[in-house]
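The domain 'PABS' annotation in TrEMBL covers 68-299. As annotated by TrEMBL, S-methyl-5'-thioadenosine binding site applies to Gln94, Asp167, Asp201, Ala202. Annotated spermidine binding site per TrEMBL: His123, Asp147, in sequence order. The active site, proton acceptor annotation in TrEMBL covers Asp219.
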Amino acid sequence: MPKHRKQSKIKIYRITSYKKDKRSELDSNKFELEQQEVENKQDKQGKQDKQVQSENVVIVPTDSHNLDIWDEISLKQIQAGEHTNLFAEQSNYQNINLLQVSDIRLYLDKQLQFSSVDEQIYHEALVHPIMSKVIDPKRVLILGGGDGLALREVLKYETVLHVDLVDLDGSMIDMARNVPELVSLNKSAFFDNRVNTHVCDAKEFLSSPSSLYDVIIIDFPDPATELLSTLYTSELFARIATFLTEDGAFVCQSNSPADAPLVYWSIGNTIEHAGLTVKSYHTIVPSFGTDWGFHIAANSADVLDQIEQLYVVPTPRTLPSLLFPLFQFKEEHLEQRNFALLNSESNLILHQCYKKEMEF
């Protein structure tokens, strides 16, 4: 999943978990964060925040000047209260914290990666449109996704015979294979005989010859640094395209078209410059506090023809069966395509766009 999300000028949804039984009840005065006073505290529409409730979760919209601070504060308050540490390790690449209150939450470098409350929204949107569009996908490559949650969705397709999952951090895969609560969440995905894991850099994996794939799922971190920006170049997308079968396609998580439109549309533009046909879509992920966008790409336009009219099979829990609404954007968001840039090895600029839009 994306490791970085917007830090300012967005409405952030804090997820406050609770249980109805008194033994497990969290002290709301201790757990809930006080709303931070920020420069842009007055909403332009003058609308008041509303509290959204579900069976086991309260999602509270708040204004935050710095998402890093909110995530770090929420992590500290969880750790100070009643919780269970499921996994904690400083790997060679990042600090990993998997905790359980009433939901399960993964923090990488003190940044929230997912809540079990709504992670399925993100992963179903990432996986099912492309897996349903490609005819009888047999071979799948997942770049990133060491928690096994995207893998869980891929394995729902009986046509799949072989999956290669590539993740740089072996500790993530170890956690996903050995922590019972996460194993339950990912449905024991790493124990499926169809799955092969590769602990290495994605570019290293792509530098070697390989059999072709019907579907490639790109779940890289957001391009927050120059190094991460190299994962979103036209050259790398062109390289990834060479791993596709004639009727294959890939999907790339691409940040928010609402809160980071320059990043979002520039990723799509960069993929197009690699010579591929691109279809763009998005969905709301409450714990991210915004909608989240993706791009599907194929070497042939015929592969993605009428994808908007597709009915998803197997029927997911969180997506509409007909995908059409996901491919519809507000006009104000579509207009931002006119400013899309090209990110290439000779002109790495995506991280600069990202930092400008994130304002940190």
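A Cβ is built for glycine as well, from the same backbone N, Cα and C atoms used for every other residue.
Recorded features from TrEMBL, shown on the structure.
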residue	record	Cβ contacts under 8 Å, 6 or more apart
His123	spermidine binding site	Leu149, Ala150, Arg152, Glu153
Asp167	S-methyl-5'-thioadenosine binding site	Gly144, Gly145, Gly146, Ile173, Thr197, His198, Val199
Asp201	S-methyl-5'-thioadenosine binding site	Leu168
Ala202	S-methyl-5'-thioadenosine binding site	Leu143, Gly144, Val166, Leu168, Phe220, Leu231
Using the CB centroid of Gln94, Asp167, Asp201, Ala202 as the S-methyl-5'-thioadenosine site centre, which other residues of the same chain sit with their CB within 8 A?
Tyr93, Gly144, Gly146, Val166, Leu168, Asp169, Cys200
If you measure Asp219 (active site, proton acceptor) to Gln94 (S-methyl-5'-thioadenosine binding site) at Cα, how many Å is it?
17
Do me a favour and check the Cα-Cα span between Asp147 (spermidine binding site) and Gln94 (S-methyl-5'-thioadenosine binding site); whole Å is fine.
14
Going by DSSP, give the three-state secondary structure for the residue listed as 'active site, proton acceptor'.
strand
How many angstrom lie between the most widely spaced Cα atoms of the S-methyl-5'-thioadenosine binders Gln94, Asp167, Asp201, Ala202?
17
Helix, strand or coil for Asp147 (spermidine binding site)? Use DSSP.
coil
What kind of secondary structure is Asp167 (S-methyl-5'-thioadenosine binding site) part of, going by DSSP in three states?
strand
